[in-house]
Amino acid sequence: MSIAALPAPRAGVLRGLSDFLLRRPGAYLALLLVPPLLWLGIIYLGSLFALLTNSFFSVDEFSGTIDYTLTLSSYGQLFQLANLDIVIRTVLMAAAVTLASAALAFPVAYYAARYAKGRMKAVFYLAVMMPLWSSYLVKVYAWKLILAKEGIVSWIADTLGVTVVLDGVLALPVVGGPSLSTSYIGTFLVFTYVWLPYMILPLQASLERVPGNLVEASEDLGAHPAQTFRHVILPLALPGMIAGSIFTFSLTLGDYIIPQIVGGSNLFIGQAVLIQQGTAGNIPLAAAFTVVPVAIMGLYLWGAKRTGAFDAL
Amino acid sequence: MTFAAPAVRFRAVTRHFGPVKAVDGVDLEIAPGEFFSMLGPSGSGKTTCLRLIAGFDQPSSGEIEIFGVASAGVPPYARAVNTVFQDYALFPHMNVLDNVAYGLMVRGVGKRERHAKAAEALALVKLGQHGDRKPVQLSGGQRQRVALARALVNQPRVLLLDEPLGALDLKLREEMQVELKALQRKLGTAFVFVTHDQGEALSMSDRVAVFNEGKIVQVGPPEEIYERPRTEFVARFVGGSNVLPAAVARGLGGPDAPCSLRPEAIALLTGPAPEGQAALSAVIEDAQYHGAARRLLVAVAGAALRLAVSIPAGEGGGLGPGQAVTLGIPLSALWPMEGAR
């Protein structure tokens, strides 16, 4: 009896289909990609396009209806002092939160990437991810209680007899206020707490990919630890840091809940968008406000690329 | 520092990793300007020794001196040694020129001067045209040369090479062997070359140290290692020598000790054994043609012993498995050894 080297073509629709897809890798790829691409193209890019279009319309001041002729008037309104204030305030806050997150995240990520093994690594992931499991609102309200005038922080300051320090901090111009929970410092603390994991995780991933022998090679060539950090570890971790900063920066730019719960009465971009498209009914101005973070992130990425942050990828 | 201080000296150096003794009581001296190879199978402690010299690791006990200076507690960046890493460890975010200039940069050499010196070093390894490329744009052989230039530009007093040719294909490896040896002669730097390839160690080195299980089994010039192995391990590892048990060696009229017998020392006899040779009947189990030589695996009649035999390819053309042959074993080729390891 002879054994056939190749089996006969198999019967059945599914088998036929699987054989067809095996022979045509292009068709296989198309089948996999078309649904997500449709989703991305229509729902995601489509809504973004609708947003962009809306920002070029205007609102009739008397009737409150939308005038569909193309105009830059909404962008003109952005540059009015009150609105520009909101933009600048939000960008400064996002920048401060990003810098603080990077500074806090680096040692943690570095330890996790280079030193933590086995059990400690599991503890690290758990510690970083656990805050993400609980509700964002719960965390923010918890912080409000921590930072409130009669809250935990002031109680601790009182117990330790350092109320003077807390009062001194709160007396700082601009960032201070009647209590931590109603000052920019409070908003900043909560933002930094909430977005920190989004900085730690990409940073840790990029540090993990820095081969240990590059550090050894740098030392071998005569570099002190500080030089090794400056010339080898930091440049190679930069893509991760940029990735993390995209999260912390853009999440801060768009958030409208944290500044509403913790902080003063001054608006951030997210709150302005909420008010313009809700209470004020000015959809074009809301859209123009929304374009600001998109434009800023675009500029930011372009700048990061120009400085060679992605060269190590 | 005395004039006669060796480039590297190990005094009873031991390195434990938990219960494992990676390096176990090693003593050695490497002369300035010497091409010194550390040869051994993986896990024999040779790479750990290299890392101890570089300063990436510290001995558990014992002392290492570099040019007469005790190296305990001296960090890698303060040692006058440089390393060519096994997988090159080039900085991926820098171009080739900046990679080579790195050692000079961290020592504060100005940009113009360090780039000039780096270009010189690149020319030395025949890569003068590739300074503005990134490491990923280079072939394995080119990366290897960049790693070499990056180490040499610092004018190290000892250059450590950790299996630098391991990742290259055969032809490139042979070319680099010749170039490395020429470079070493030209620069007069002590090279410490770690390899598991005995051919490489024998062809390039002034002296070879054979490592096994964390210990140095034998140190000496390549000829000595190859022709007069001290133990069975050295005989087998360096060039695949036959090892005859003491009883067989004695029976042939040789020394009463385990003896090494090089495959190429054995002849095929057609008549009676000439003066100074012992005849041994055997059956061929396998015959391989290797171009310059023909290698036979034979089973010795009446003894549970297999021998590798290497004869010029011109002889024994019709030989194949199952054929009976008579081996001529020169008694002078039987080299008695001290032990197994």
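For all residues, glycine too, the Cβ spot is worked out from N, Cα and C.
The following features are taken from TrEMBL:
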TRANSMEM  A:27-52  transmembrane segment
TRANSMEM  A:86-110  transmembrane segment
DOMAIN    A:87-301  domain 'ABC transmembrane type-1'
TRANSMEM  A:122-143  transmembrane segment
TRANSMEM  A:155-175  transmembrane segment
TRANSMEM  A:181-201  transmembrane segment
TRANSMEM  A:232-251  transmembrane segment
TRANSMEM  A:257-275  transmembrane segment
TRANSMEM  A:282-303  transmembrane segment
**Message:** Tell me if the transmembrane segment (A:155-175) touches the transmembrane segment (A:86-110). I count contact as 3 or more CB pairs below 8 A, with pairs 6 or more residues apart.
**Reply:** no
**Asked** Taking 3+ C-beta pairs under 8 angstroms (sequence gap of 6 or more) as contact, is the transmembrane segment (A:282-303) in contact with the transmembrane segment (A:122-143)?
**Response** no
**Prompt:** Which of A:122-143, A:232-251, A:257-275 has the most Cβ pairs closer than 8 Å to the transmembrane segment (A:181-201)?
**Reply:** A:257-275
**Message:** Should anything in the same chain at least six residues away from the transmembrane segment (A:232-251) have a Cβ under 8 Å from its Cβ atoms, list it; otherwise answer none.
**Reply:** 94-95, 97-98, 101-102, 105-106, 109-110, 195-196, 198-207, 209-210, 214-215, 218, 223, 293, 296-297, 300-301, 304, 309-313
**Request:** State the non-local partners of the transmembrane segment (A:122-143) in its own chain: residues 6+ outside its ends, Cβ under 8 Å from one of its Cβ atoms.
**Result:** 108, 111-112, 116, 181, 186, 189-190, 193-194, 197, 200-201, 204, 257-258, 261-262
